[in-house]
Each structure stands twice: as C-alpha cells, then as structure tokens.
Amino acid sequence: MTTTPSPDTTSPAEPLSPPPPAGRLAALAPRVTLLRVAGGALAVIGALLPWATFVLNEGPYPEKSTLQFFVAPLAVTGFRLHLVVLGLATIVVSLVPAVPAKGRIVRALGWGIIAIAVLNGAYIAVEGGGVGAITAAGGSVAFGSLVALAGGVLAVLGATAAGLEPVPTWTWRLPTWAEWLLLVVVYILLLLVVAAVLTSGGQGGVVNPYAGAVFLSTLGAVGGALGALHASGLLGWVGVVSERHRVYSVIVLLAVALALPLTGAGTEYWMTVAANIGVYAATAIGLNIVVGLAGLLDLGYVAFLGIGAFVAANLSGAAASQVGIELPFPVVMVISAVIAGIFGAIVGSPTLRVRGDYLAIVTLAFGEIFVRSAQNNIGGLTGGANAIPNIPPVSVLGTSFADPITVGPIQLPSGVLYYVLIVLLVAAVMLVFGNLKNSRLGRAWIAIREDEDAARAMGIRTGPIKILAFLIGAMLAGLAGAFFAHKTAVVAYDSFRFLESVTLLAAVILGGMGTIPGAVLGASILFVLPEKLREFSDYRLLLFGIALILIMRFRPQGLVPDRHRRAELAADAPGAPPPLPATAPVQTAAAGGGS
Amino acid sequence: MTPFLEVRDLTVAYGAIQAVRGVSFTVEQGQIVSLIGSNGAGKTTTLRTISGLLRPVSGEILLDGTPIHRRPAHEILGLGVAHSPEGRRLFARMTVEENLRLGAYTRRDEAGIVADLDRVYDLFPVLGERRRNKAGLFSGGEQQMLAIGRALMSRPKLLMLDEPSMGLSPIMTQKIFDTVRGLRADGTTVLLVEQNALAALALSDRAYVIDLGRTTLTGTGGELLADPRVQEAYLGEGVSS
Amino acid sequence: MGLLESFSTQLTQCFGSTSPPVFVFLQQIINGLVLGSLIGLIALGYTMVYGIIQLINFAHGEVFMVGAYGGLATFTYLLPTFAAREWYIALPLVLLGGALISVLVAVAMERFAYRPLRNAPRLAPLITALGVSVALQEAVRVFYPNATAALPFPNIFVPGSLSFSVGGGDIAIKYSGILLLVVSLVLAIALQIFVDGSRMGRAMRATAQDRDVARLMGINPDRVIVLTFVIGGALAGIGGVLYGGYLNNINIDMGFQTGIFAFTAAVLGGIGSIRGAVIGGLLIGLVKSLGGQCLPGGTAYDYVWIFVVLIVVLVFRPQGFFGETERVRA
C-alpha cells in the first residue's frame, strides 16, 4: 500500500514552480463570474429553504430549520442570516467591477458558505435523525443544506478557476482623528463579534443540545467574513493603521477587552473561562519566547506554571501550605515569578550543550520530574494527591475578587475582578514580549533560532542568551501560576502534566509562532472550543491529536504567521522545498560547479 | 538516429533560485562527453537532475529517446545511468565490499556481482587488498577509485562522474583519467563534469561549456582546447588546479 | 524530611548494617532485566527510525500499547476456545495479532503523518509525532471496549514462576518474564544479523548514512523507511503482547511512559546502534528496579531517576555508548 513512488514525496527538492493556471479548472475560466454569482444565489436560496423535515431527535433544531420561507419570510435569523449575508456579498463582489482580488474574496466567502452548510447539514443528519432529515421526505422539500453546499462549492470553483490574484495592499491615509475613530469602531466591532461567537448557541451548551452546531456555524460564518476582509486587503490596511497609532491601539484594545463583561458574555461562567484562557495565554506567551523567538522546543513548559502556582499556594495562608506565612498578592506574584525563573534557568542550562530535538527531550524529562515530585508531595510543598485546597481568593481593600460587584447601576458578575486582573496581566505580558522581540536581546534570539552557529560567529554569546529565554519565559509562566492558584483555589499536580505542555505548545503553533496575537488566539481557541463542544468531550483529545497532525501538515506557520519569520516551521509556500536538500550540505545551488 | 542521452532546455531551481536555466546537450553512445565551466555554473545541478535527485522546472531529458525526467532517482539507475556524485559521498562507515555491493543493489545475479567485484579489484588492486576496511579510512584517491568502482557495479550504460579529480594529486588525477579512457574502450559512455578543463578536454570526444546555468559553447575536446574564449576563461585556471 | 537525610536513610537500607539480604538484590536485578529487555525491544524501533529519518517518533510507545490491545483483542474476540487453552497455539496467534495491528498502525502513521513532512523543518514532524501519540492513545480509549480503565490481560504462556533459593531467601521469576527476556534478546540478535548481513539491511544502513546517494544506488528510500516502521512496529507489538502477559494487565498510559524510557535507552546506547539499544534498555531497567530500592524516595521516585539518567546522558554523552559522533545531533 505504500511502495508506489509518488514524485512529490521522493524528490528532495521539487522546484518551486509558479502556480499552474488552475489546471483542470482552466476550462471554467471564461465563465467565472457566472459561477460566482450562481454560487452566491444558491447560498441565498438555500438559506430560504427548509433544512429539516421534522422535529429532530433531541428537540427542535435552532434557527427554525423546518421553516418554509413563504410562511414566515422575516424569520431568517442565525445561520440562515449568515448564509444570506455571505451569499449576497458573493454576488455583489462578483458583479461590482471595481473590487480588487475578487477571486480571493469570493473563495473566502465560498468556504464560509460551505462551512455553514456542511456543519448544520451534518448536525441535522447525524445528531438529528439520519440523512432523511435533510433530504426531501414527508412531503416537505428540506434540502436547504444541500443547495447551500452546492452554492459554496460553485463559488469556490468560480473563485479559483481563473487563478488567484495577490492580496492588494492599500496605502490610504486618513486624517489622524478619522483613523482614531476607525480604530475605535473596528475594535468595538471585534468585541461584539467575539461576544456573539462566545454566546452563540447558549452559554454553556447544556440547555441546547445543538449548541455545538450553532457555535461552529457562527465560527464558520465569521471565518468566511474575516477571510474575505483579509483577501480584500482591508484587514491588512487596518493592521497598518493600528501599527501607525501603536500606543493608541493598545489602549483602545485594552479598554475594549475590559468591556467584555458589559456584553452578553458578561456572566460568571464566561468570566471564569476567560480567566482560564488568560492564564494559559500568558503562559503561552512565555513559551512563545522560548519556542517562537529563540527556537528552543520546550516540552515540559507547564511545570513553570505549576511551580508558580505551588509557590503562591504555599504563601497564601492556605491551611495545607507548608510555609506558614501569608504575603500580599503582589509580593507573592513577584516571588512566584522569581522562583519559576530560577527553575527556568536550571532547565535551560542544558541548552549550552544540547540542541534541537534532544533538547526537547531534556525539557520533557524535567517536566516529568516535576510532575512526579509534585505527585509525591516533595518536601510537603505540593500536597501530593491531596493537592493544596482552600487557597483564599485575592482581596483588595476588603473586596474579595471572587464576589460579584456593583458599579453604579451596573451589576457585574462574580469573577469580573479576576477577569480584569488577568486582562491587565496578559496585557503586561504582551508588552514585555513585544518589547523583548524588538530589542537587541530579541534580535539575538531570532538570530539563534535561524542559525545558531552563524549567530555565534557574529559574536552573540549564545549560551547566556538561550538561558535568558528560558528564564524570562518561566518567569511569565510563574506570574500566571500565582494568579491561577488564587483563581481556582486548588492547586494539584495533575494540572501540570505532559498533555498540558503539549496543549500550550499547540496554542503557540496554532496561533503562529513568534507573534503576540498568535499565542492569545491559540490559547483562546484551544480552551473555548472544548467549552462550546461539550457533546464531543469524549472525543476532545482525539480531535486535538488529529488537529495537531493536520496543522503541521497544512498550516505549520499558524493562523497569524510572523511576517519576519522564515525558518523552523514555516515553509515559504505549501509544498515548497527547503532551501537545500537535507542531506546535501552547502553545495550545488550556490556552488554548482564544485570545488 | 536518436542520441543516447539528450538534454533539452533544462531549467532547475532551488526554491526561487534558478541554478540551471537553459542547458541543452547530447551524448552519443560510446563517447566521453564533458561539461566544463566555473564554480556555480550549474554542472552538478545538471547531473543531479539527470540522475533524478532533482526535478526540472521545465525542459526534457531523453535516454534513448525516452523521457526520464519524471522518474524517481532509484528507477533511473535501473535504466543504465550511474552517477558518482561530487565529493564521492561514500558510505564511510561501511567496508569497501559493502560499498561495492550497494552499487550493485538493483542486481540479483550473485555470480555476476562476484565477477564484477573481481573486475573492480583488478581495475583498482588497492581496493581488493583492503576490501574489509571501512571506506572512511581511505585516502582521497582511493576513495575516488571506490566511488568509480561503486558506480560501475551496476554495469551502467552511461556513467556520470562529478569532479573525479577534486582534491587529488596530479598523478592520481592522471590515473583516474586513464581509467575513464579505459572504460570508454570497454564500451561505457561517460558524462564527465570537471573543473580541471584541460585534462577533461584532452580526454573528451565532445564537450560543452556551461556558464551561468546555460550551455554556451560546444565542440570536440580539441576544438574547445583551441578556442580562445575557452582558453581565456577556463584553461588558465584549469592548468593551475 | 531533608533530601540528604532521606538519601542517607535509603542508602543505609541498601548498604548499611540493616541492608536487605542478597536475595532481595538479586530479585530486583532480575525484575530490572526483564523490564529492561522490554525497554530494549521498544528502543530498537526508536533507534532505527531516528537513524534513518532523524525523527524522535514519540508515537512509537503508542505502537507498543496498541500491540498489547491488539493481542488482547485477538485473544478475546478471535481465538477459538480450544486454541486459547493451549499456550503453544494461543501464544503465536496472539503475538501475530498484536504484531499485525502494531505494524498497520506504524505503517499508516509513516504514510499519512510523517511522509508528507519529509522535507519540512525539523520541529514539524516532532510535533506531528506528539499529535499521533495523543490521537492513538485516545482512539484506543474511545473505541476499545472498557479501555478507560486498566484491562486484565490473560496469562497465555505457562503460568507460575521459576523460583530458587539464593543468599538466604527465595527468588522468583515468572515464566512469562523469562519468555519476554528470551524473545527480546533473540529478536534483537536476529535484527542485528539482518541489518549487518542482508541486502535490505545494507540498504537500510546506506539510507541512514546518506539518503541521496542511497537513491543513486537504486534504493527506494520510501520502501526502506516503510520497512523500518514495519520492523519497529512488529517488535513493539510483540513486546506489547509479552509485557501484557507478564504484568497481566494493560492500560492506555503504558505506551507513553515505556516509550520515553525506550527512547532514553536508545540514546544511552547510541542512536542507530542495535546492541546499544538493548544494553541501554537493560541498564534503564536496572536503574528503575535498583533505584526504587536504593535511591532516595524509593519506588515513588524510580521514574524520576530514569529521567535524571536521561538528562545526564543527553547533556554529557549524547552520542551514547555505541553512537558515532558524526551522527549526533546535539
């Protein structure tokens, strides 16, 4: 089954050729506009058709899937509304002549349509009651999902048949006040979208058996829309504008993030989820220094979060703590960070002699030693299997962070103070990361990542600098750990196992190595998805493993690729060769003739 | 009559860098043909593409009129093309005999393999004396002998040698080139890539100059030796190396 | 309790006046050797794959785990009752079932997870391997009946133990342990002979040393790599079945832990070296059993000592005992 040699995999350096003019699809090229418009129209029509023929196994499918359009023409909401919007956008973009990069935009919209059609159709068929639910049966015409799917496929085919244009770059400059206003509007929109995605399908997914479908479908719609905006170059332009007003953007973004409790997502449940995401995001940013900037793979990183958490637990005055002192939270944070940093330097010291995947194994071994020691309640500091319970919440001026608070007329959910604290903490960690990345030290790390020998030849003292990466990364994780201890009130060794390290690594990679938003985005996705997809909880880790494999295969550079990043994980283009065949050291390309 | 090996408008790239952009030449049966040119001209890339280690962006490679440029490397050996790569690239941790047997990897006739082992040991007696020694311990000249011997073990119709004189003493170089001449006498076609243009041209029935990834000049070995452009560009250097 | 204090207590327990009699040591050594032979058997898969494609195949431990479940499934669902009663019929069939499943899984992971990344930057396949490891473990947990908890594994071989008196006490070694030890060593020797002497073995060594030149010799590297995964998978599958029979229960975590130990053994012995893997495995087994006896913390910390050995070896002698410096990636 595996011996058939395929040219793609046997040649070490398949030359990079320009994308062939759409190959078999070329025949469609003259009719692309027709295809695209037809795709959009089918999506709209699909949205207006019924999607299920009967009430499903676990109750009615949300968004009135049995709807007959002519009965209730105004009841087009939820995924149907998303479809109508994406479909109309496809038609408009296809027909308006002035739109640049049409193909790309339509392709993104088409994928969004496909995602909505497939997800909803599959849920109705699989969870609802068989394929019969989505095909014509019982006298109703219920193939809305199939029509929408056909529309999406047509749009994608039509988009790619003529070959894809490059993403345009816009250089508009507005007056400063207009740009500021624009940024505020964009960030508020972002907040509303995030809140809408979070709350789609209900809060926790317990009430509505089809909450997972609604959530994923919303995600697909948002993804399609964002992809289209990216393809049009507008997203890139907004990025440039925000880069121009860097400090201002950071402040607005921070304010917007702090406003999340005021939206529909402002419940105790989401505050807790958000605080957990924050902990892992801060830790992931620390890991991003080690892996993303310095290129040192750490497979035991979660140990530093654990060390920070156990240090804070022991200094919290909890009954089970070994050290009988209670220190103010800010002091505890500093001590946790410092101790985690010291351990970071210890774990990092083998980098002086060990590189690459051997280093990864060394860090894994350190991580395992930590877990085993914590499990055995080493020195009485970790509580072993009993954990350290009843860690008191952080409190300032008599206000416990665990309680709900009221500001004027607004009642805020409990946990909101922890949310504010973690947002500020993550912001601070991002600030540290951003400044480090653009500093002398950051450039030294990147040089080491790209080519350690060359970096050393340029006079960079690689040894201390690599240890410094571990030290700083571990300190950030230690900070997050101190927060974690107080927020969750219990610290147990099994929160810090190998799988957690892998999840953190996955967050960094999924988001995009070496980028600031990447780690946060990755952590959010990896921790929100399981919350929203409770019905798959049994398959959660299985899907996680498969997702890791697929990401490495199809998008190793992550969702937010680092613009300046070249080596380690990001190949120039899918299927593009590495600069030189692995087994042929410097020769050929540069020195074709030889000696 | 179709030429034995024909390379037409070959373009090869490493990522975005085009190392070869328009190499064309033919090799007739029983000839010694050399490709000469300076460092980085694309000679090694051309050989690596013929033997299937690299894939061309465009152009064709025909062996006896059949295109072979889409075939993987391990099949091309079976078509009768053996490639002794630049820098010899022996399996240093294996013995002489193991290296030679790997050269005959695609063959299943034990008797024939043993006979060819003896033939190589006759050709290079030093290899026979040290057949149980690890290849990595040999001198440059002995390694080159082993590299050629290894390539011969597949009984190739076309033998491609990449820089066989690299790093060798003049005496050893002479010995290697004498061997190559002897191979032609036995009917083996040889495609030679050489920096040592003088020695290569003296030996060749036909030669091509490759410059910046293109074939720029061709002629018999004698014609090119006499060509002032070649003399100016390559032979001054060739004598000294 | 201070670390130093605990250390000295433990050492006195081993070597001081209150030290246990000799037979306890011998028993630990025997236990260590049995475990070590298994670790060595798994280490062969790591060492061969790393030697040829420079990949730490994290998922190899899971191949071993899957083999144990495959063997159990063969015994539970496929074996006719009359065959299950006679070990000389049951054992080969169960071994075959386990090995077959392991080989299938190993070949599939090579084909679909690793091969597409053959030319990718080095971190990518390593992370893919982590993904494969998680996915395999979870697949067994989700799809194998009742696999959420440890499952009893039948003793297929001759039941009971060989016991004899030495040094003032009785030592026992299970017959299934002897089987594990003997089979592991025999397989390792057979593999060594195959790699040293056969045409395919030569092709494997050639591919490991220089893949491009191996292709120039007419060797299809894809085929060699698949063969490597087949051999590694078969050995791991056999190991899984024999280990299940030795311990009489299996769980889905067994692969990860054993895998890390086996990798340690492979590095300790020198990546690429067959005899190194076996000797490394035996040493790791001894470290675990004697470390649990003699080092601070007792059995609760025996795993920790293996990881300490791993770190020390990687840092100070990454080429291992039999490794060749040029191959070392440190």
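Glycine is no exception: its Cβ is also placed from the backbone N, Cα and C atoms.
For A:1-14 (among others), the entry in TrEMBL reads compositional bias 'Low complexity'.
Per TrEMBL, the feature compositional bias 'Low complexity' maps to A:583-595 (among others).
Annotation source TrEMBL lists region 'Disordered' at A:1-21 (among others).
Taken from TrEMBL, the feature region 'Disordered' applies to A:571-595 (among others).
Annotated transmembrane segment per TrEMBL: A:34-54 (among others), in sequence order.
The annotation transmembrane segment is assigned in TrEMBL to A:74-96 (among others). Same-chain neighbours of the transmembrane segment (A:74-96): 33, 36-37, 39-44, 46-48, 62-64, 67, 102, 105-106, 109-110, 112-113, 116-117, 120, 148, 151, 155, 158, 214, 217-218, 220-221, 224-225, 228, counting only residues six or more beyond its ends whose CB sits under 8 Å from a CB of the stretch.
The transmembrane segment annotation in TrEMBL covers A:108-126 (among others).
Taken from TrEMBL, the feature transmembrane segment applies to A:132-159 (among others).
Taken from TrEMBL, the feature transmembrane segment applies to A:180-198 (among others).
The transmembrane segment annotation in TrEMBL covers A:210-235 (among others).
The feature transmembrane segment is assigned by TrEMBL to A:247-267 (among others).
Among the features that TrEMBL reports, transmembrane segment is placed at A:301-321 (among others).
The annotation transmembrane segment is assigned in TrEMBL to A:416-436 (among others).
Positions annotated as transmembrane segment by TrEMBL: A:465-484 (among others). Within its own chain, the transmembrane segment (A:465-484) has Cβ neighbours under 8 Å at 275, 278-280, 282-283, 285-290, 293-294, 296, 298, 301-302, 304-312, 329, 332-333, 336-345, 347-349, 351-352, 418, 421-422, 425, 429, 432, 436, 441, 444-445, 448, 491, counting only residues six or more beyond its boundaries.
According to TrEMBL, the transmembrane segment annotation covers A:504-529 (among others).
Annotated transmembrane segment per TrEMBL: A:541-556 (among others), in sequence order.
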Outside the transmembrane segment (A:180-198), six or more residues from its ends: residues with CB under 8 Å to it: 174, 215, 218-219, 222, 238, 241-242, 245, 248-249, 252-253, 256-257, 259-260, 263-265, 270, 528
Most Cβ pairs under 8 Å with the transmembrane segment (A:504-529), selected from A:108-126, A:210-235, A:416-436, A:541-556: A:541-556
Distant-in-sequence neighbours of the transmembrane segment (A:301-321), which means Cβ under 8 A and at least six residues beyond its ends: 279, 283, 286-287, 290, 327, 332-333, 335-337, 339-340, 343-344, 347, 363, 366-367, 370-371, 374, 381-383, 386-392, 473-474, 477-486, 491, 493, 495-497, 500-501, 504-505
Intrachain neighbours beyond the transmembrane segment (A:247-267), with Cβ under 8 angstroms and 6 or more residues off its ends: 180, 183-184, 187-188, 190-192, 194-196, 198-199, 203, 274, 410, 412-413, 416, 419-420, 423-424, 427, 431
